[in-house]
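Taken from Swiss-Prot as is:
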BINDING   Pro97, Pro98, Ala99, Arg100, Gly101, Leu102, Gly103, Ser104, Ser105, Ala106, Ser107  ATP binding site
Amino acid sequence: MAQPSIGQRIVVDVPSTTANLGPGFDCLGAALDLNNRFAMRRIEGDSGRFELIIEGNEGSHLRGGPNNLIYRAAQRVWKAAGLEPVGLEAKVRLAVPPARGLGSSASAIVAGLVGANALVGEPLSKEKLLELAIDIEGHPDNVVPSLLGGLCLTAKAASQRWRVVRCVWINSVKAVVAIPSIRLSTSEARRAMPKDIPISDAVENLGALTLLLQGLRTGNGDLITDGMHDRLHEPYRWPLIKGGLDVRDAALNAGAWGCAISGAGPSVLALCPEDKGQAVSQAMVKAWEAEGVASRAPLLSIQSGGSHWQPQIEDE
């Protein structure tokens with residue numbers, strides 16, 4: 001597409017993501033068909049100027065300014081392309097609020113990268129944007145599927161290059177994500193984890209991850225059940241989520257194959273066949289309701305296209 005002119009607005013759609021899926025700590029993530037939308041345009045004036053407009057109640061506490069994550073990501077694009085920074089405005093509509101374990105920071109980073117790149121004629125390749133996204137976020141599990149879509153396994157090779165494997169997630173496996181009104185910061189969730197783990201726990205996770213990936217590829221519910229277990233992070237994070245274990249148990253009792261903390265939490269991910277989706281959703285919401293926590297639990301598919309941009313239609 002042609003480079004948008006100053007003042008012309010573009011729309012960047014970025015999927016929410018669920019990371020870890022139990023045993024895939026910091027390396028496995030999937031894009032969900034629950035998109036965040038960022039309408040962006042270059043503005044005249046101070047090159048460090050960033051204006052943020054939030055539509056709706058989700059993310060109403062977020063602020064603009066040069067330290068905003070969207071603008072920091074945008075600056076990395078311009079620096080990598082050898083360009084001077086420009087002023088930027090972003091009008092944001094979030095599908096879910098931040099600090100819920102659904103990749104809100106990754107979404108902001110990817111929106112900033114994709115949007116800034118588009119606004120200056122796309123000088124950077126998607127591979128370069130991916131490299132910048134991982135560097136800004138510090139771990140790949142959310143930003144990679146947020147940019148590329150689908151189910152992604154990302155690891156740093158011996159060469160120190162990031163390697164991304166696009167894994168198969170068969171369409172018959174659906175995701176129910178219970179999203180509560182409570183918040184949990186990623187930093188708090190990471191502080192709860194020990195610095196060292198027993199080698200037996202690491203071995204168990206490796207086996208579980210293999211089973212989970214095969215279950216997602218084939219739709220084998222038994223493999224998903226056996227694979228969706230974790231020893232590295234979930235034992236230390238479940239106690240941080242009010243009612244979380246009750247929500248997990250309710251999902252399993254309603255027919256889910258497996259259940260995990262979504263990202264750092266507090267949202268809870270359940271995998272199930274489509275015909276069990278409504279029952280699993282209702283059970284999870286009811287379990288949180290018993291703890292005095294409001295929630296919603298949409299039945300979702302995997303979003304395979306990743307992030308993309310287009311010129312904004314005038315009346316959109």
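Glycine is treated like the rest: Cβ placed from N, Cα and C.
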So which of the binding-site residues is most packed in, judged by how many other Cβ atoms lie within 10 Å of its Cβ, out of Pro97, Gly103? Gly103
Around the Cβ of Ser105 (ATP binding site), other Cβ atoms found within 10 Å total 18
Assigned element (helix, strand, coil) containing Gly103 (ATP binding site), judged by DSSP: coil
When you measure from the Cβ of Ala99 (ATP binding site), which residues in the chain that are at least 6 apart have a Cβ under 8 Å away? Arg183, Leu184, Ser185, Thr186
In sequence order, what residues of the same chain, 6+ apart, have a Cβ less than 8 Å from the Cβ of Gly101 (ATP binding site)? Thr18, Ala19, Leu184, Ile261, Ser262, Gly263, Ala264, Gly265, Pro266, Ser267
Helix, strand or coil by DSSP: which one applies to Pro97 (ATP binding site)? coil
